[in-house]
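Enquirer: Checked TrEMBL, it gives:
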TRANSMEM  C:6-39  transmembrane segment
DOMAIN    C:11-423  domain 'TRAP C4-dicarboxylate transport system permease DctM subunit'
TRANSMEM  C:59-79  transmembrane segment
TRANSMEM  C:140-166  transmembrane segment
TRANSMEM  C:172-196  transmembrane segment
TRANSMEM  C:224-242  transmembrane segment
TRANSMEM  C:248-271  transmembrane segment
TRANSMEM  C:283-305  transmembrane segment
TRANSMEM  C:317-337  transmembrane segment
TRANSMEM  C:349-371  transmembrane segment
TRANSMEM  C:377-397  transmembrane segment
TRANSMEM  C:404-427  transmembrane segment
Amino acid sequence: MRRFLDRLYAVSGALAALSIVGICLIVTAQVLFNLVARIMGPGWSYTIPSYADFAGFMLAAATFLALAYTLRHGAHIRVTLVSQTLPKAGQFVAELICFVLGLIITGYAFYYFVLLVWESWHFGDKSPGIIAVPLWIPQTAAAVGLGILVIALIDSIVESLRAKAPILGAGEEV
Amino acid sequence: QSWDMPTPYGDSTFHTQNIAQFAADVSAATDGGMTITVHSAGSLFPHSEIKNAVRSRQVQIGEFFLSRLSNEDLAYGMDSQPFLATSYDEAERLWAAQKPVVSALLEEQGLMPLFSVPWPAQGLYTNGEIATVDDLSGLRFRAYNAALEEFATLAGAAPVQVEASNIPQAFSTGQVAAMITSPSTGVNSKAWDFVTHYTPINAWVPKNIVVVNKREFDRLSDDVQSAILNAAEVAEQRGWDMSKAEASQQTAALAENGIVVYEPSAELVSGLQAIGATMLENWNASASDDAKAILSTYSN
Amino acid sequence: MSDPMIAVVLFAVMLVLLALGVWVAMALMLVALVAMVAFTNAPAGLVLATTLWGHSHSWALAALPLFILMGEILLRSRLAEDMFSGLGPWLAKAPGRLLHVNVLGCAIFAAVSGSSAATAATIGRMSVPELTDRGYPERLIIGTLAGSATLGLLIPPSIILIVYGVATEQSIARLFMAGVLPGLMLVLLFSGYVAVRAWMNPELIPMEEIKSSFKDKVKGSRRLIPVALLIIGVIGSIYTGIASPTDAAALGVVLSIILAVSTGSFSFADFKDALMSATRTSCMIAFILVGAAFLSISMGFTGIPRNLAAWIGGMELSPYALLAALTVFFVVLGCFLDGISVVVLTTSIVMPMVSAVGIDPLWFGIYLVIVVEMSQITPPVGFNLFVIQGLTGINILRVARAALPFFLLLVLGVVLITIFPEIVTALPNAMGN
Ligand code: NA
Ligand code: NA
């Protein structure tokens, strides 16, 4: 189970990274096309259809798919200035409360996000650009990312209860 | 009762001013029993989310650019079909044909249109005069939807996607050399900073639409409902008048600020209309029955 | 409950959540949720989902991960080190020495990027480790970085000037021009402050290698060529129209990879490292951005910011008193909302007040950006603070303390453009018509 979960976070993080590479590639390709048009004249103009939309969708995928991976790396910013002054037991409780509050808001967001995706699919919402993309497709990537964050928070709560000690880095120095 | 109303455009846009008046009218007609708070310039929801926010009752009422939805059904985008309806009279007839169909489509999403107000007809902005369609050939032309891309290609121009906020820079760096937009947008973005010529080719007369969530509307008392419907009717009339006044004022403002405003030559007009006709043929191939019904009502 | 009471309650909730150690993004969402559920009738969950989606796929934001990736690549290649070694001899006699690289680096980068978070992340990724290794004092490294990175908002291109220009229908081209001189003014103020600190306390600043002759300095500067090429390539692509500002970010990544590989000090493993690190940092920032957007929207539903702004409007102040009152208002609001939200939430109410007393909306846009810059470095919610904590691990209160002098310099900047409005208006007026 442990290995499966760690793989899950790593794979979704890797997919997020690939989305960033995707943004970079699509935008670079367009810049090269612009350069060609500039050198060869407007007859050589080419625009990748809806490339701004696609870059935006990949950004959303990158952000949401990386959520759990970033959390487990302790790279989401938090302020541990106050809780650090507590004794170890207090730190454990504070962190547990954070996990639970995080789970509440994330679970809540996840539930409604799934609803949003369902609505998009049900009503056939499409992006307004040159290429009509059914919005549920990019939204599903975001929903999956939120779902994995929910899993990561549950995982962290279980782990924290077992260890009876703080388990995550603070994203800051000790 | 109080409603929140997200709108996409800023407070100095006549659409927003018309809506502010609409909200004030509703409040006055109900003796303050119904207040509508207008959240302009996308301050509550981005333009892309306004329709869905009304649909799922996050807000009760909202405004958006109607042909944004043309990817969902071509019926929504009829008013942005180049050279189909090019004057206010034609636009009014088109809206009369479009309204029942659009209303039915929106009703499937639980939405009800209240009123729709056009932007001034779209003109052509370039550096240098355009006498015939041939002059457009080879120009880098701003396109932000499928119809415009097709138009540019048919005119022999090179379609280029430029985000609205990036237009001045795109012109000044030569990334684009021509665009079609309303004189209002031209004035608001101070087009004289980056183009020299404008001609009112009246390519199309696009509209904004104000919709309410049907369930939220049905929950209101009859008095309030009729107050809203009355205010909407008045707002639609006032909006069209504002739009007409805006068209001549803003075209004059373009000229005052040093842009050469010229009437399109007969040759240019006929060339553009030929492109419009070709586009309509292509359009017919992919249009839904609903959209075709609009066209046949409008054409007769 | 009255609006000020609600604001106090929400602020208290936020402080408690942050003190507990709740992740900033989630704390913002939780506060927004409390505000929506307790003080409005809007369906909070649906609004949250709409916000998460609506604010996460914007094209303008797509540049953020790319700029961060560029910084990570430069950090892992020899380019960053080369840049500092190359500049060292030139700045050896300047009071403050390489600290000016932080200020100028941010200013140059600000001409490429429209956001202060990307500026802080990219420049800070290189300069913080380099300057720390060389023994510069932490407070000045962090302070100059936090302060100067806010220039990303003022020196064109600028996301917030676009937002303001769209909302108030000002010409974005003119706003961009108007931002140039105030940007340079702030650069002078920041560099001047560093110089004064160095004069007052010379042992604060470590020595740099002194090259005696001009020729030696030029020789050493060969190491600057790759970075100079990168900067010229990226800025050049924007100003020749080959790339929009977002496009330029991708070009920056590609160029920095090419340069890094050509120095022979950059492997595929380094690239993977850089990419994963950029993925985490951009996720962290984007998550906070959507959290802040949700808080901003919940404030839109509660109507608190517009009511407070309207209350200020009701006082019928003179122009200077109005500006003073608005500054206090924006600084307080900026402590717990992000800068763009502050602009978006209040323009409808504030703009009529401002035009009524005859303040030029173009000038006001620049004023607003400087005030928003302040909000980037005030705790508890300040984006530059979060970014720098993410980069260095130094907690945000310590970062905020280091940034305090720069906050005060921004206040001074506001005073200066108020006394001499020509700093703002001269360039756009010279633009023609
Ligand atoms: Na900038
Ligand atoms: Na702040």
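Backbone N, Cα and C define each Cβ position, glycine as well.
Looking at the shown structure, can you explain where the listed features end up?
Expert: Under 8 Å from some Cβ of the transmembrane segment (C:6-39) lie the Cβ atoms of residues 47-48, 284, 287-288, 290-292, 294-295, 297-299, 301-302, 304, 308, 336, 380-381, 386, all in the same chain and six or more residues away from its ends.
Long-range contacts of the transmembrane segment (C:172-196) within the same chain, counting only residues at least 6 positions beyond its ends with a Cβ under 8 Å from a Cβ of the stretch, are 94-96, 99-100, 103-104, 107, 110, 140, 144, 147-148, 151, 154-158, 161-162, 164-166, 362-363, 365-366, 369-370, 405-406, 409-410, 412-413, 416-417, 423-428, 431.
Sequence-distant contacts of the transmembrane segment (C:224-242) (same chain, six or more residues past either end, CB-CB distance under 8 Å): 74, 79, 82-83, 86-87, 108, 111-112, 157, 248, 251-252, 255-256, 259, 262-263.
If one looks beyond the transmembrane segment (C:248-271) by at least 6 residues along the same chain, the residues whose Cβ comes under 8 Å of a Cβ in the stretch are 62-64, 66-67, 69-70, 73-74, 76-79, 82, 112-113, 118, 226-227, 229-230, 233-235, 237-238.
Distant neighbours of the transmembrane segment (C:283-305): 3, 6-7, 24-29, 31-33, 35-36, 39-40, 42, 44, 47-48, 51-52, 54-56, 61, 64-65, 68, 117, 121, 333, 336-338, 341-342, 344-346, 381, 383, 386-387, 390; these residues of the same chain sit at least 6 beyond its ends, with a Cβ under 8 Å from one of its Cβ atoms.
Tertiary neighbourhood of the transmembrane segment (C:317-337): same-chain residues 11, 14, 292, 295-296, 299, 305, 308-309, 345-346, 350, 353-354, 357-359, 367-368, 371-372, 374-375, 378-382, 411, 414, 418, selected by CB-CB distance under 8 Å and a gap of 6+ residues from either end.
Remote same-chain partners of the transmembrane segment (C:349-371), defined as residues 6 or more beyond its termini with a Cβ less than 8 Å from a stretch Cβ, comprise 153-154, 158, 160-161, 164-165, 168, 170, 174-175, 178-179, 182, 186, 306, 309-310, 312-313, 317-319, 322-323, 326-327, 330-331, 334, 343, 410, 413-414, 417-418, 421, 424-425, 428.
Counting same-chain residues at least six beyond the ends of the transmembrane segment (C:377-397), those with a Cβ under 8 angstroms from any Cβ of the stretch are 14-15, 18, 24, 28, 116-117, 120-121, 124-125, 128, 138, 142, 145-147, 149-150, 281, 284-285, 288, 292, 331, 334-339, 403, 406-407.
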Enquirer: Where else in the chain does the transmembrane segment (C:140-166) make close Cβ contacts, counting only residues six or more beyond its ends and a cut-off under 8 Å?
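Expert: Distant Cβ neighbours of the transmembrane segment (C:140-166) are 60, 96, 99, 102-103, 105-107, 109-120, 123-124, 127-128, 131-132, 172, 175-177, 179-180, 182-183, 186-187, 190, 194, 197, 204, 238, 245, 339-340, 343-344, 347, 365-366, 368-370, 372-374, 376-377, 384-385, 387-388, 392, 394, 398-399, 402-407, 409-410.
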